[in-house]
Amino acid sequence: MSKKAPAAAASLLRLVVPAGKATPSPPIGPALGQRGVKSMDFCKQFNDRTKNVDLGTPLPVIITVKGDRTFTFVTKSPPTSFFLKRAAGIEKGATNIGKDHPFVGKVNLKQIYEIAKIKQADEGMGHLSLKGICSGVVGSARSMGIEVVA
């Protein structure tokens with residue numbers, strides 16, 4: 001009697017890839033190559049799926065690689081910090097929060113609300129209230145040195 005070898009378990013891979021700019025270079029190529037997946041196949045599919053998003057917008061991607069070397073992926077909305085920096089019109093958050101300069105930028109409550117509405121559509125955020133998501137966005141803004149004004 002011969003025993004069948006167990007099927008290889010699926011592996012999850014989490015990356016942040018700029019929309020429309022996926023290339024087989026690092027970090028995508030080596031990460032998929034270790035799992036036996038052709039990185040060019042992923043890049044073509046990802047770039048095609050994200051062609052309607054602003055070019056270069058960082059998108060978190062969860063790639064599921066199955067035992068037979070096929071893959072599926074899910075794209076999420078950009079990180080909250082990306083939206084906050086864009087709304088405040090800054091390149092990066094504060095390095096020493098509260099020491100040299102109290103704030104590096106400002107956002108208003110309407111912008112916080114709009115960011116929260118976008119984030120609510122993400123998988124895993126549906127059970128949270130919009131008020132709860134807004135308070136999380138406000139906390140992220142403060143930790144980046146961005147002032148929230150009414």
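Note: Cβ is positioned from N, Cα and C throughout, glycine not excepted.
TrEMBL annotations: computationally assigned, not manually curated.
Copied over from TrEMBL, here are the features:
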SIGNAL    1-22  signal peptide
DOMAIN    14-71  domain 'Large ribosomal subunit protein uL11 N-terminal'
DOMAIN    76-148  domain 'Large ribosomal subunit protein uL11 C-terminal'
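In the predicted model, the domain 'Large ribosomal subunit protein uL11 N-terminal' (14-71) shows an average pLDDT of 94. Taken through DSSP, the domain 'Large ribosomal subunit protein uL11 N-terminal' (14-71) splits into 17 helix, 14 strand, 27 coil.
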